[in-house]
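Below: one structure, written as structure tokens.
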Amino acid sequence: MNICILGGGNIGTLLMGDIGRNKNISVRLLTSRPDDWNHIIEVCDNDGTIKHTGRIDIISSNPEEIIKDADIIISTLPSYIFSKTLQRIKPFLRKGVWIGMMPGNGGGEFYCDELIENGCTIFGFQRVYGIARLKEYGKSVYDLGKKEELFIGAIPASNTSKVCNALESILSMKCNPLENFLQVSLTPANPILHTARLYVIFHDYKEGVYFKNMIQFYNEWTDECSEMLIATDEEVQNLCLKLGTIDLKKVGFIKEYFGADSTQQMTKQISGKPALKNIESPLIKTEKGYIPDFNSRYFLEDFPYGLCIIKSFCELVEVKTPFIDKILMWFESFFGVEYYVYGKFIGKDLKGLPLPQNFGIKSIEDVFAYYK
């Protein structure tokens, strides 16, 4: 079996180090920096001890060389890069290839419209399969902990069990099939976890303001962050209730996911997670102090390709979202984009995003027809 990985960041590197242990799998990497990669990836414990190594058989910047005989493609790229990469690889895709996204909640399914019609299977992981940090780019990675089990959605939904069976063998992890890809698209993971935190950190920020110290993203989590997180999560729950046929237990809401019933418990759970220790906020050090890193994936992905997608589904089914609106309206002025016009979610910067309305989905009926 030939498996191609798109994306050589934290999770992509760990994937290759893990999958590359399997002698029956040929791992390929499409990268713009092929000369910076070793064919052997070291997967290390938190203390730097090597747990195992995995082999990458082919490393190239040439999509034809990597893609032409791929059976499964897994992208760990941000959504805004995935859409461009997809255009590069489209001419070389085999008929019936499986294309997966980890995580799968960035609207990537809409970029795959034509491929689905031509017989490709699209699948998405509800969340990333573990936590990883690069040790040395292209050479080694820290494995900071894996999920006990994974949840997978696919289009067409009838192929989900087949995809799960294959992924269980590839990843040596239990993979549970979801009823449809919507349960991936609407998972309240990074799109509300990250955006709630970023709102609290930066909502008073103005140009010329400097932070004295680096802020730990999770270790310094506050009750204010938890309040915003729980409030936005409840709005996603209302969306799922309105959609009606989605099994709410499989969406993975925040309180259940973190095992917290109150604001204070949520703060304790998030700030105390060992695997999330020492993850820093998107700040850049300058001579005068720290300022926001506007090129961070936190800003480039989690708002336009995360929270905006959830908001768009809420618009479709007429669910009110005062807290999501509060975050997105703040982000408009912070990042210099237009999402709202006179309070309506119709701004010009929504036009190029993978939102259901931009792909002809205008009603609940359209939603279920698309995700069947």
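Note that Cβ sites are derived from N, Cα and C of the backbone, with glycine treated the same way.
Database features, via TrEMBL:
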- 2-97: domain 'Glycerol-3-phosphate dehydrogenase NAD-dependent N-terminal' (DOMAIN)
- 178-333: domain 'Opine dehydrogenase' (DOMAIN)
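Looking only at the domain 'Opine dehydrogenase' (178-333), the predicted model's pLDDT averages out at 92. Residue counts for the domain 'Glycerol-3-phosphate dehydrogenase NAD-dependent N-terminal' (2-97) under DSSP (helix as H, G, I; strand as E, B; rest coil) come to 32 helix, 28 strand, 36 coil.
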